[in-house]
Amino acid sequence: MRSFNGLYFFLSCNLIKEVILVKEKTSHTAAEAKEAQPAAKTSKTVKTAKTTETKRRTSRKGTGSSGRAAGSRRGSTRKPAQGKTQRRTAKPHAHQNHKEEAVVENAVVTAGKEAETRQPRTRGRKSSRPKLRIIPLGGLGEIGKNMTVFEYGDEIVVLDAGLAFPEEDLLGIDIVIPDFTYLIENKEKVKAIVITHGHEDHIGSLSYLLREVNAPVYATKLTIGLIEGKLEEAHIKGDLNVVHPGDEFRIGAFKIGFFHVCHSIPGACGIYFRTPVGTVVHTGDFKFDNNPVDGEPMDIYKIAELGHKGVLALLADSTNATRPGSTPSESVIVDSLHEQVAKARGRIILATFASNVSRIQMAMDAAMAFDRKVCVFGRSMVNVVKIARELGYLKVPDSLLIDPEELSRYSDNRLMILTTGSQGEPMAGLSRMATGSHRQVQIHAGDTVIISASPIPGNEIGVGRTIDALMKLGAHVVSSENAKVHVSGHGAREDLKAMLALVKPKFFIPVHGEYRMLCSHKELAIGLGIPKDHVFVGENGSVFELTNRSCHEAGKVTAGPVYVDGLGVGDVGNIVIRDRQQLSNDGVVIVVIALEKNSNQVAAGPDIVSRGFVYVRDSEDMMSGATDRVEMLLDRMASEGVTEWSQIKTQIRDTLGRYFYEKTKRRPMILPIIQEVR
Ligand SMILES: [Zn+2]
Ligand SMILES: [Zn+2]
């Protein structure tokens, strides 16, 4: 299989060059003109759509998805259809293309120029037709909570519904999801949700979205499996539909296609939308991997074919846009994993992302090769392993896996423990093992801990802390700092260049990355010849309006983070977070006073209680000084005739705030509480 992949990749590369080199006069213009022509064969396309659609459905409520998938009647009569399905494929001439590699980079230049000089066919009647609107609601200026809206006329297709993990200053927040107010306000328009792959930053907010918006979900088998698990947990029923990479189906005015890309989870896809104004490609998360662990090569042919026919806009993963070179194949880890497992004398504890099915496969393969049994810990990892095995994405014999209760039956050198917690998350398996609070696994000398992941920016401190604790317990820790036990799932600059060169988009919108990554991706695209004003670095909520020859930013819609804390979604906002930050920084001081009902005379108090501010027993003088100050203040206000409670509270807050700051240089939260007594 491996060698076959190598060959495939070699051929594909030649094909890429071929496709790019063929400067077909008709390429963009003809393809898009075709897109623009109203086609008579609508019904035929619809039929194709029907057959390729849905193989699996958990349950449905309300409107059926087949009706939707086949195109709302309104959509298919009013809108120009996409013309005949373009099944014609460019034949590779693999032997012709050795000399002109340099031209690869120039190909994009040509595409860009062509785009500029082309005479628009539709001039004069463009206003009569809706524009395509692309609205990223998450994933721009950040890593995580990816979500993009594609809107044409009164139809919306949503791509991905991810979550982000909170940064350290978001105290008490469990997860962060995109603000999809725009979709709630336009819920009637939402015809489908398409998902590129099963990582949390792409599926993690789906259950929240489906509570508000009822639309069928389309994704590949493993992704649907993972989504199913999440929806069950949230007690939500979804209309889930399995798509096979290579499928194309119609949703109203959109013809949607999935093409396989390599990443760190099987079943990852890029998605393209053929729309009345042109084709738009979204890469999803990807890297070019010529030796993928699951044996599924990237569908380079499809990507090249799309580029060949003409792509209006490309949205591409920018995560590693600042990294030079190409991202190594996932399979380079195989050897070093084997090496580590071979060296280990005691137990092996391997931590990685629960969703990195490819990595889990490699770990289990290595365990098998060295006659170790595998025990899986961590709810999310147990779930993923179960689902991935059921669906055939994870190939391991039953005999390899053991339950936690069986651990004691095997000697240390016959065991591998798989766990979550590669990010130093305090509640996850590895961190609990490191702090000695894991119920079943205690780390001891002789253990080898392999952290097969690299910290997501922001998690470095937590990971460092975990490693320190593990080493104190006597474990030998292997991480990407001292061994090749992790590679990124995202393409670096050379991968991104290859994608741009293949797709040759007229317009380019970098997505999935922090601002500097998006900018870096932009520079890279400009370097490849895409005109500066054809590249757009937007932010969450930016509206991009596209016609078949233009793209511009047209305003903004509501976007931003929504915090999820326990059962509360969005009830914790910036004010609550600020309070929590203040509480966590300097604590709280509570001042309780009882005032007589009519006279406003002090009946009891003031009593001052504090938490997290100072150690009261060592600060009695200061606290009694505070009581004196409040008493004096109350006297003064009484003599001045101040009876308004809000005014009294403000004065107490100001007076004590100044007093405590003078004494401690701290700013605790001060809460005056006034009780009324008769
Ligand atoms: Zn991903
Ligand atoms: Zn992602």
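Backbone N, Cα and C define each Cβ position, glycine as well.
TrEMBL has this to say about the protein:
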BINDING   HIS486, VAL487, SER488, GLY489, HIS490  substrate binding site
COMPBIAS  36-49  compositional bias 'Low complexity'
COMPBIAS  61-74  compositional bias 'Low complexity'
COMPBIAS  85-96  compositional bias 'Basic residues'
COMPBIAS  120-130  compositional bias 'Basic residues'
DOMAIN    144-337  domain 'Metallo-beta-lactamase'
REGION    31-130  region 'Disordered'
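Where TrEMBL records a feature, it is marked here on the structure.
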{"residue": "HIS486", "record": "substrate binding site", "CB count, 10 Å": "23"}
{"residue": "VAL487", "record": "substrate binding site", "CB count, 10 Å": "20"}
{"residue": "SER488", "record": "substrate binding site", "CB count, 10 Å": "20"}
{"residue": "GLY489", "record": "substrate binding site", "CB count, 10 Å": "26"}
{"residue": "HIS490", "record": "substrate binding site", "CB count, 10 Å": "23"}
### Query
Around the substrate site recorded as HIS486, VAL487, SER488, GLY489, HIS490, what other same-chain residues have a C-beta within 8 angstroms of the site's C-beta center?
SER264, LYS287, ASN320, THR327, GLU330, SER454
### Reported mean pLDDT - the domain 'Metallo-beta-lactamase' (144-337)
94
